[in-house]
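Step one of this worksheet: look at the structure below.
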Amino acid sequence: MAAPKKGDLSASEREILQVIAAGNVQQASKLLANNDVRVNCLDEYGMTPLMHAAYKGKADMCRLLLQHGADVNCNQHEYGYTALMFAGLSGKTDITTMMLDAGAETDLVNSVGRTAAQMAAFVGQHDCVTVINNFFSRARLEYYTRPQGLEREPKLPPKLAGPLHKIIMTTNLNPVKMVMLVKENPLLVDVAALEKCYRVMDLLCEQCVKQQDMNEVLAMKMHYISCVLQKCLTFLQERDDKLDALVKSLLKGRDSDGFPQYQEKFIRDCIRKFPYCDATLLQQLVKSIAPVEIGNDPTAFSVLTQALTGQMAFVDADYCATCGERGAEKRCSLCKTVTYCSLTCQRLHWFTHKKMCRSSQEQGSKQETHTPRLKELQGTHHVIHFICAAWLHHRAIHCWGTYQLLL
Ligand SMILES: [Zn+2]
Ligand SMILES: [Zn+2]
């Protein structure tokens, strides 16, 4: 079939564009079964049905079109926009992920030289920026599930690729959350499996440093995951209550103020152990964390999160006190000062929170005036310049969004 020409649409193709706008998946499915509907047809502006669906934020429609062979990297659009760019502009992370899973190139630029991540940042869709910048293709990991060279067996058993990929793709770097991800998959709660996984993470880290356009951010993330997996391994081998003991250690607050100092020290250690000392990102991280007394802002977690995901710690959302998930809506009913994403998380936290819960109640109104969000804002400010510097080093994407938030 000849390549579609802009604006050269059949009646059914015009109809499907309207159906997409209305979000009628059933009708779209019917139309796609027609011979005179080309899934990659182009309207007057060079937009495909997939671009329309992505821009309108219709996830089911996008899925349907991809199933019918929609070309995710088509860039016949008059300004060179791709479906991934439209997904980013729509602010829908599920659609952005869908495009990436379908093989969307993140490096394609529009007619003014902007990538999808840069465009999403420009319009303030920071969650989509995070999704794009943290994307790591399953194929890249699956390389290790095949024996290479003289290897008798692959470095990574194929059955571990799925669960490990899930951990790589998480944008919540809270170590408790990561241990929970390990715990939820019985295949991973195994000494030999964890050993293989962390070794592969180390290799990926090395690869990210040594590849042509060195990606320090991804390298640091791979290294950090490796450290968490190694910690899991240690607890599996040495403690009777295994990973539960690790979660407890990470959550346990110190007596004076409930600050989880084991967690803070663990994350600081991970950063310090990054094996490539010359990395700009490492030096900047260390510089901004080292002078901070343990217990003060910014925490190592917030600095690392900002550097790796570009997420600002003070965006308007409540975080789960246990696992760091955003959008936590359940409050401790006694002190009402801590929030959780689930009952499970609240239960996990109670052994240590109960010591602080009473004093929180007593302080009552005093705490109201010092909301954690404001405290974070102060702490965040002085790390911003370094994140920008780090990002300018390779494709400055996050700083865009960062500046936007500040200006
Ligand atoms: Zn939680
Ligand atoms: Zn409480």
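Cβ from N, Cα, C; glycine included.
What TrEMBL says about a protein is an automatic prediction, not a curated fact.
The repeat 'ANK' annotation in TrEMBL covers 45-77, 79-111. Summarising the annotation, TrEMBL assigns domain 'MYND-type' to 320-357.
As a summary of secondary structure, the repeat 'ANK' (79-111) carries 17 helix, 0 strand, 16 coil according to DSSP. Secondary structure of the repeat 'ANK' (45-77) per DSSP (helix as H, G, I; strand as E, B; remaining residues coil): 17 helix, 0 strand, 16 coil. Broken down by DSSP into helix, strand and coil, the domain 'MYND-type' (320-357) contains 15 helix, 5 strand, 18 coil.
Per-residue confidence over the repeat 'ANK' (45-77) averages 96 (mean pLDDT, predicted model).
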